[in-house]
Amino acid sequence: MKERHLFTSESVSEGHPDKIADQISDAILDALLEKDPDARVAVETSVTTGLALVFGEISTSAYVDIQHVVRETIKEIGYTDGKYGFDGDNCAVIVALDEQSKDIAQGVDDSLEIREGQVDPLDQIGAGDQGLMFGFATDETPEYMPLPLILSHKLMRRIAILRKDKVIKYLRPDAKAEVTVEYDADGKPVRVDTVVLSTQHDPDVSLEQIQADVKEQVIKAVIPAEYLDDQTKYFINPTGRFVIGGPQGDAGLTGRKIIVDTYGGAAHHGGGAFSGKDATKVDRSASYAARYIAKNLVAAGYAKKLEIQVAYAIGVAKPVSISIDNFGTGTKSEEEMIAAVRQVFDLRPAGIIKMLDLQRPIYKQTAAYGHFGRTDIDLPWEKLDKVAELKKILG
């Protein structure tokens, strides 16, 4: 019989260097999509002390003031003061963007299926790269997400609100959280075992003050009291000091927080990051579609926990494989579920773009606090509008 076990997930704040990079990349993507919904975008960002570097490939008819977008994004996050070692008005911004490779474009613009004479318009777009993507859902939270990750994200959102509203005046933008949850033998979360939270702060505040404020105004405000007990361990700023942070403390890079962005380590990951990529890149769009499928199958009652994998060949519209793992919790066979998925969901890139309406500027809001399980923003892949259709097929 399975025994109780612990599982840990982490999140980082919007002021974390890697997340600054993600938000800049997605802010540029949104600015381009606003003017040109067909823009092909693959934008990477790196940030370090006093410098933001934007590089990658773009094909578009739109003009966007990239420098302005970068600076505004940095300031919105909260880097507005030179003493942070990085601020939106005074940092250097270097832009080095090229056009998308014509070799890639020919396979994306006209898929293998179109080149072989098929006429379905949704076959038009070939996958922007090969790769494998995963979607996951679990019924352990109302968001259909793992509890340790949901709590970690909520801690980070809470501390950002307290900072931006100046409730706790000494807070600076960089922060990280990690939550360990204890599960019973049936896999049900029963308590929070450990909370780790590190936050950047002004130099003139005591560690005792930070620990008291964070415990009362952040942790206890976010984590339901029934999960906390006298055995719960708290590590708040355990190094003792966190004044130097953000890009001054560590260089940041787009796509380096892919587990924070997805399922907190509770599911597989195909390795492809999301931010800065338009929806012809299946790293992003197929991961969103896979989450949409997994969430609707779990919500429909066909599994308590489910993971789906899809895989693509570059320049080919149809996925090369679809597989499902219901971890022994399924009420239907995995083969039956895959057959239903093929009927209900179109997993060709153009089909995903149409199904989820992905040629819109909706991406910057996903670039911090997770792409999945969000209740604070309206995301099409979080909708449960396929439950009835799945029930009609699967019974």
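Placed from the backbone N, Cα and C atoms, the Cβ positions cover glycine too.
Look at Swiss-Prot and you will find His16, Asp174, Ala175, Lys176, Arg241, Phe242, Asp250, Arg256, Lys257, Ala273, Lys277 tagged as ATP binding site, backed by sequence analysis. For Lys277 (ATP binding site), the count of additional Cβ atoms within 10 Å of its Cβ stands at 27 [all protein chains shown].
DSSP assigns Asp18 (Mg(2+) binding site) to a helix in the three-state reduction. The Mg(2+) binding site annotation in Swiss-Prot covers Asp18.
Per Swiss-Prot, K(+) binding site is recorded for Glu44, and the stated evidence type is sequence analysis. In the structure as shown, the Cβ atom of Glu44 (K(+) binding site) sits within 10 Å of 21 other Cβ atoms.
Under DSSP, Glu57 (L-methionine binding site) is assigned to a strand (E or B) in the three-state scheme. Sequence annotations record features per position, and here Swiss-Prot assigns L-methionine binding site to Glu57, Gln100, Asp250, Lys281 based on sequence analysis.
Broken down with DSSP, the region 'Flexible loop' (100-110) shows 8 helix, 0 strand, 3 coil. Taken from Swiss-Prot, the feature region 'Flexible loop' applies to 100-110.
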Tertiary contacts of the region 'Flexible loop' (100-110), as residues 6+ beyond its ends and Cβ separation under 8 Å: 40, 42, 57-59, 124-129, 280, 314-316, 349
From Asp18, Glu44, Glu57, Gln100, Lys281, the binding-site residues whose CA lies within 10 Å of that of Asp250 (ATP binding site): Asp18
Distance, Glu44 (K(+) binding site) to Gln100 (L-methionine binding site) (CA atoms, angstrom): 13
Residue from His16, Glu57, Ala175, Lys257, Lys281 whose C-alpha is spatially nearest that of Glu44 (K(+) binding site), among the binding-site residues: Glu57
Among His16, Arg241, Lys257, Lys281, which are binding-site residues, the residue with the most C-beta atoms within 10 angstroms of its C-beta: His16
